[in-house]
Structures are given as C-alpha cells and as structure tokens.
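Working notes for the structure below.
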Amino acid sequence: MTTTIIGFPRLGEFRELKFATEKYFRNEINESELQATAKELRRKHWQLVKESGVDEVVSNDFSLYDNLLDTAFLFNIIPSNVETSPLSSLEKFFALARGHQSETIDIKALPMKKWFNTNYHYLVPKFEKITKVKINSSKIFDEYQEAKALDIETRPVLIGPFTLLSLADFEEGISAKDFVNDLTIAYQDIFKELKVLGAQWIQLDEPSLVTDLSVEQKALFLDIYHNLLNDKQDLKILLQTYFGDVRDIYQDLIQLSIDAIGLDFVEGPKNISLLQTGFPADKKLYAGIINGKNIWRNQYQKSLAILQQLPTQNVVLNTSCSLLHVPFSIENEEFPVEVKKHFSYATEKLNELVELSEIVAGKSEKLEKNQALFQQERFTKDPKVEEKIASLTPESYIRQPAFEKRELLQRKEFQLPLLPTTTIGSFPQTKEVKQTRARFKKKEIDQKTYDQFIAQQIDNWLQWQEEIDLDVLVHGEFERNDMVEYFGQNLAGYLFSKNGWVQSYGTRGVKPPIIWGDIYRTAPITVKWSKYAQKQTNKWVKGMLTGPVTILNWSFPREDISLKESTLQIALAIQEEVLDLEKNGIRIIQIDEAALREKLPLRKNDWYSEYLDWAIPAFRLVHSKVQPQTQIHTHMCYSEFTDIIPAIDQMDADVISFEASRSNLEILDELKANHFKTQVGPGVYDIHSPRIPSTEEIKTTIDAILAKVPQEKIWINPDCGLKTRGIKETKASLQNMTAAAKFARKELLIHDKK
Ligand code: GLN
Ligand code: ZN
C-alpha cells in the first residue's frame, strides 16, 4: 500500500518561518532573506517526508501566510485598492493579510475566519465586480520545480475552485456563478503548465464538500467540475476532502472523471458506508486513516479494521487532514519516556503511515508492539472528580434570578454611563514582558522581582486606563503566556509541551496543552492579580478567565472519554475560580469563550445533539452560583454565530463582546430579529492589524451599532485582546475609541433631552 500526506506544517521545527517573517515585517531582513528561509524550510520538509519512507510527497502546501490567500493571489482575486497600490507583489500579499498603513496608503486586512472546525484561520478572498480572474503568481510552479531540483517528484496541492468560491466574499450584485468560467480556464491553465513542467498529479482540496450542500451548491460544484474536467490536460486529479463525510455528493463524485478521491475516515466515519454502496474500479481511494488533528499514537488495530471495510484494493494510506494542525516532532519534547511513547506529532505520523503499510504487507511485530501500548492502563482517573460530576442536577446549570432581574440590580450597582467602554483583557505583550516571564520560568529572577515587575505593569496600565477614562478596566494579563496554558498549569490532569506549536494564523502559533487525565483545580489561578488590580483603583476591574469549552477546544483532548465529560470537569474547576474571585471582591467577571464555535459540527443536524446541548450548559455551570449583582461577561472571537444566536443567549451571560469590525456588523440585524437579551459589545475596531482607526471611523461604527441595537444594551470595546499589538498603536486606538464613545454619548443625551 502506498502512503502519502495531505500537507505538512510550514512554520518550521522551531518556528523559523514565524521569526523570519516577523523580522521582515520589522524591516530587519529583506524579501530575499525571507524567501531564503522559506526555501530552506521547504527543502527540509520535503526531504523529511521522503526520507521517512512516505511514497508520495506534496508541494505548494507551504505558504508565507495562508493557503487561501495564496490561492486568491494566484488567481488575481485582489481588491482593486490593493491591486492599484504602488506596493510590490509581496507587499500586496501581506497588505491583504494584515493591512498596510503609511502616509499615502491605507489598506484594511481581509477578514479572517476559522478554517472549518479547526483553530487555523484563513483570509477571506473578496471578489469584486471588476475582478479579472487570471494567473497572477508562479508559486505553485516554482515550488514544484524547486522540489524537482532536489530530485523529489511532488503532487502540487491547490485549494479547489468549489471551496475557494464557497469561502470567498462577493461584492454586492455578483456571485460565485459569475466567475465559474474564468476560474475554470485559470485552473486549466495551471494544469497545462504543471503538465509541461512534468507533473503527473494535482491535489485539489475541496473540504467544503463535507458541509451540508444545498441544491444550488451541488449544482455549482458539478457545473465547475464538468467544465474543469473537459480539458484536464492529462494531469491526474486527486480530489481531496477532509474534516467529515461527503454524504451529499458521494454518488456524483464517483462519476466524475477524476483519478482519485480522498476521504477522511477519522472525522467522517460515515464515509465507510458511502463507499460500501460502491466505488469505481478506475479510481484510487486516498484513505485518511492517521488522525491529522490529535497527537495520540494511532491504534493500528482500529485502523486495520477500517481498511478492511474498504471495498477497493486501490488504496493510498493518508492522513485524515493536513498535518498543519499538529506540532512538528515529539523528539523536541521533554516528557518522560512513559508519557512520550503515547504521542505522535507530524514527523511521527509519517512513520505511522509507513508502519501501517508495512503491517498490511505482513510485518506483524510492529502491530504487536503497538497493541501492547494500548493494553496498559494509562489515564489518571480521579474518583472525587467523577463523584462531583455524578451529583450534578438540572438546577446546577441555572443561574438565579433570571436575566431581566439581574440586569436591573446590576445597573443600580455599577452606575456605568451609557455606552460603557472596556477592553477584552490583554494589553501588549512587549518583548520586556515576555522576557521577564521567561526569565522567571527559568528561575533567573526570583518570585519577588517577578511579582514587582507584574505589579508595575498593572499599575502603569491601570493609571493609563484611568487617564483615558475607560469605564471598566482590566489588569492586562501580563502574567499569562496564553489564555489556555495559563489555566492548565493550575489544573491537575494537564500536560504541557515545550515545542508543541501549531499555526493559528499567519505568523501566530499556539501551543495547545494536552489533557492527560481527570481535571480538577489545584489552587486559585487568577485571584492574586485580579484582587491586586481592583485594590489599585476606584473603577471596576474585570476579572478575566477562560471558559471550559475554549479550554477544551484549544487543548489536545483525551480519546478515552467524551469531550462532554472532559468539559464538565473543566467547568467545575473554573466554577471554583469564579466563586473565589467573587469572594475576593471582583464584581465583574469575564469568562472568555473565544473558541466556542470551533467544535461545532459541520453538519447542522448535529449542532445541538452532538455539541451545543452540552457545551452551552457547561458554560452555564461555571457561573450558575454567583450573586445576582455579580456581572458575568463573555467574549467570543469572530461574530460567526449568526446561526446559533439562541444558543449564545442561552449561555445566560450578562454581557458578551465579539468581533464585528471585520465582518461589517452583519450580525446586528440577526441579534435584533432574535430578541437577543444579553448586552453586547460588538468590536468597534480590528485588533488583528496594526492599523489605527480614527475617532471619526469608530464613531461611524458606533452609530451603525446604535441604529440596530437598543442603546442601553451596548458596550464599546475593541474586537479582541490586545496582546499581539504594539503599545503605540494600542494607546492611540483606544484613545480614539473612548473619544468616539463620548461623542456618541453626548449626541444621545442631547437627543434624549429633545
Ligand atoms: N481575554 C483574552 C485577551 O484579551 C481574550 C483573548 C481571545 O479572545 N482570544 O487576550
Ligand atoms: Zn477574542
């Protein structure tokens, strides 16, 4: 059985790409130095895959920022203000990714969204009426040739036309259909050129096929592929799907004149029964067997059982999705051998593919060794945790009194002005902040010195927040490296990797902690600094926690108990923390659920039954026991919850802040239509870009919000935490924000008097 992968992580074993790109952004290196680093990483990764024994290597899975942006760039889907700007090609590329601001140029970044059910974010391409689809970049050809020069034949990977069109935005008045013809021709041009260069195969990634497809979408897909396959230039086509099953389109897929179909058997078990209805003899099946999302060793016996059910011999062993979603290599971790042997990162997964194919070929020792690993008792169970979960009743999940009563009590209690201003929690994590934390961790400085440093940061920023007259302050989260790891460190049952970085977006990596056993809180986590901060000021300071669903979704979960059970364990631990904060005088507590939507099933039918029915109650469990006058906030990144608004309201928080500035406030109409009761802080500016919004611009946004949401329900805040931003832009932007809020407030008061 031959083996292959869908894609490999590109940040580099030690995040070399991140550091080089950031240096380029800071003008510390030039374009050719950045490209040299990128080229070196590609070489290393191709050779690693090849030398591990994997048969088919891929190219063009690499990106300097994001694959969908690459694809948009490749096909010249570039907004006209960027296209006509005097920037270089690479500068345009990065301008789309992160905005560009100079004396003469002011470009906003493209919106960013979560890539299906992962924590990877892609940039949303924008088609305009004047967009002229044509080939605009040679990246895919260059990388194919680059590998060839190393004597490695590759299968170039490209996001397919259906997924590209499904994920893109369109200027009003145009739609996907308008671009099918030009796009088909452009893809065919790519096929032609690749064929000339000597390529045999191309992989078209079409993950959008695993979502619910409407009649129109199916028609669009078929229209595109019938056109495309009319002239495929003798290039063999692998149509690759992942993250689920293709139930809506399977029967059509097998009739297309493509050469191979890639299916995911990890997240799409239903694919097996689809296959059993028949699979054509003239096609290869790329079988996604090795989990590309989790970091546990593969249980070969289970994988063999899947392989046995496949109705074809023409199988290529594959990962379930790109290895982009797992870290580089377990070799860079310091876990004890007993622990380490249970894990498999990207590099080890390559070996698993090879081993599994060897087992299929008859090498049974490898299977026995693998079986032994799964026969041992591994997980640390905790009877006390299990008991607590068992004693939960329906009342445990409901906060009393009901929302409307609490809202009145809280208005009296807090006496906040109309349109209260606040931030989402973190302030810039400067080099100094990160270095000091690292030095403390390495024991180069003692607790007292470290504490003094953090206290000083908090003091400075509290004072500044008072100066610009924000209404609800935050302590700034300087003591936190990451919103999940920081909590995990004080929760039993968690393991932390040293180098387990996974790309989240562009140059940003996250290091998801690993849930190893039953979870409980070992000590208070945030009380010390929240309490300290509240003592320094007469204004309200928000306590800042991460919610259970996000902690789970941003961790590598266990595979031996359900996600629901792990989440409830975390919820009980965070509940203790909330009650501790309250006891220590913190009256406003924000429980972030930045990643709530992440594990929402891709199929609508499964939303509630498989996810929301336990995820939302898990959140409520965390705050169900607080006093009526304690105000609970939550925060979600991205406003992509238009379709689950009732569920969000059922979280029963008092206030929710969310990203809205990049998505044009579309959500507000839906909130209104759904009689959303929770107070809202739709982000009034985009924090993912260093661009500074003017007071007028923010005021315009506030007016747009006021047009749709009752004024007494509105909070004014940025999109998200400010930890990735510089101090200068943060201060300027927030100053403009408070100024804009004051203008808006004044206008409202004048208006009210009339
Ligand atoms: N409180 C967190 C912060 O401000 C929230 C981050 C997030 O939503 N990703 O950094
Ligand atoms: Zn956020």
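Cβ coordinates are placed from backbone N, Cα and C, and glycine is handled just like the others.
Heads up, TrEMBL stuff is auto-annotated, nobody curated it.
Note that the structure is a prediction, hence the values are computed from the model and not measured.
Annotated active site, proton donor per TrEMBL: His688, in sequence order. Under DSSP, His688 (active site, proton donor) is assigned to coil, being neither helix nor strand in the three-state scheme.
If you look up TrEMBL, you'll see Arg15, Glu16, Leu17, Lys18, Lys114, Trp554, Glu598 marked as 5-methyltetrahydropteroyltri-L-glutamate binding site. Cβ-based neighbour count (10 Å, all protein chains) for Arg15 (5-methyltetrahydropteroyltri-L-glutamate binding site) stands at 18. Arg15 (5-methyltetrahydropteroyltri-L-glutamate binding site) falls within neither a helix nor a strand when secondary structure is assigned with DSSP, and so counts as coil.
Among the features that TrEMBL reports, L-homocysteine binding site is placed at Ile424, Gly425, Ser426, Glu477, Asp592. Within the same chain, residues at least six positions away from Ile424 (L-homocysteine binding site) with a Cβ under 8 Å of its Cβ are Val474, Gln590, His635, Ser657, Asn717, Pro718, Asp719, Cys720, Gly721, Leu722. When secondary structure is read from DSSP and collapsed to three states, Ile424 (L-homocysteine binding site) falls in the coil class.
TrEMBL lists Ile424, Gly425, Ser426, Glu477, Asp592 with the feature L-methionine binding site. Glu477 (L-homocysteine binding site) carries neither a helix nor a strand DSSP state and counts as coil. Within its own chain, Glu477 (L-homocysteine binding site) has Gly425, Ser426, Phe427, Met483, Met544, Gly721, Lys723 as residues 6 or more apart in sequence whose C-beta sits under 8 angstroms from its own.
Shown in sequence order, Ala594, Ala595, Phe658, Glu659, Asp719, Cys720 are the residues of the chain, 6+ apart in sequence, with a C-beta less than 8 angstroms from the C-beta of Cys637 (Zn(2+) binding site). For His635, Cys637, Glu659, Cys720, the entry in TrEMBL reads Zn(2+) binding site.
Residues or ranges marked as domain 'Cobalamin-independent methionine synthase MetE N-terminal' by TrEMBL: 3-312.
Sequence annotations record features per position, and here TrEMBL assigns domain 'Cobalamin-independent methionine synthase MetE C-terminal/archaeal' to 419-742.
If you take the C-beta of Asp592 (L-homocysteine binding site) and look for same-chain residues 6 or more apart in sequence within under 8 angstroms, you find Gly425, Met483, Met544, Leu545, Thr546, Gly547, Thr550, Thr634, His635, Met636. In this structure, none of the binding-site residues Leu17, Lys18, Glu659 sits close to ligand 1 with a C-beta under 6 angstroms from any of its atoms. Other Cβ atoms within 10 Å of the Cβ of His688 (active site, proton donor) number 23 in total over all chains. Lys18 (5-methyltetrahydropteroyltri-L-glutamate binding site) sits 16 Å from His688 (active site, proton donor), taking the Cα positions as reference.
Spanning the listed L-methionine site, residues Ile424, Gly425, Ser426, Glu477, Asp592 have a farthest Cα to Cα distance of 13 Å.
In the three-state DSSP scheme, Trp554 (5-methyltetrahydropteroyltri-L-glutamate binding site) is classed as coil.
Annotation note: His635 (Zn(2+) binding site) sits in a strand segment as assigned by DSSP. Checking the binding-site residues Leu17, Lys114, Cys637 against ligand 2, the ones whose Cβ sits under 6 Å from it are Cys637. Annotation for Lys114 (5-methyltetrahydropteroyltri-L-glutamate binding site): spatial neighbours Tyr120, His121, Arg597, Glu598, Tyr638, Glu640, criterion Cβ-Cβ under 8 Å with sequence separation of six or more.
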